[in-house]
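Student: Attaching a single structure in structure tokens format; questions to follow.
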Amino acid sequence: MNPYTIFSEIIAGQAPSSKVYEDEDVLAFMDIRPVTPGHVLVIPKAPARSLAELDPVMGGKLFQVGQRIAAGLRESEVGCDGVNFFLADGVTAGQEVFHVHLHVIPRTPGDGFGLRARPTTPPRADLDYLAGSIRGALSRIAER
Ligand code: AMP
């Protein structure tokens, strides 16, 4: 799959964006289809289509910049009193642009934003079983 997306054009200055923050590794700009006013996207400058391709150090930096943007949103005229982070990894998760991006979504009461879900209450044995399976996968990944 071609790693070149609209976000690559924004990084290169070949497509318009409303920048909020920039350093040598990361760019943050306004989402053109905000789910609430002040919705910001934080992206790594080095293209990575998915979390699997993203340098973990850069993942940490995305989160750090997201924290700063969240603080800025609270002090800005956006005037939110809450913030959600959201990251869609993969088509099934709702990813549309295949250049990793962290959504920073300001929240105000009654703004209409929400995640639809059907939480369940599995028995502890089921939780323990899946926890063991995930621990096993983490060990295998660490050995690679
Ligand atoms: P996702 O579904 O997580 O891949 O989200 C992609 C996001 O990118 C959506 O919220 C879009 O509104 C946003 N988006 C797409 N093109 C642009 C653009 N040119 N400038 C700013 N945001 C964009």
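A Cβ is built for glycine as well, from the same backbone N, Cα and C atoms used for every other residue.
Heads up, TrEMBL stuff is auto-annotated, nobody curated it.
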Student: Of the residue ranges 59-63, 99-103, 114-118, 124-128, which one carries the motif 'Histidine triad motif' annotation in TrEMBL?
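Tutor: So the range that TrEMBL calls motif 'Histidine triad motif' is 99-103.
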Student: Counting each residue once, how many in the domain 'HIT' (6-114) are helix, strand and coil under DSSP?
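Tutor: The domain 'HIT' (6-114) comes out at 32 helix, 25 strand, 52 coil.
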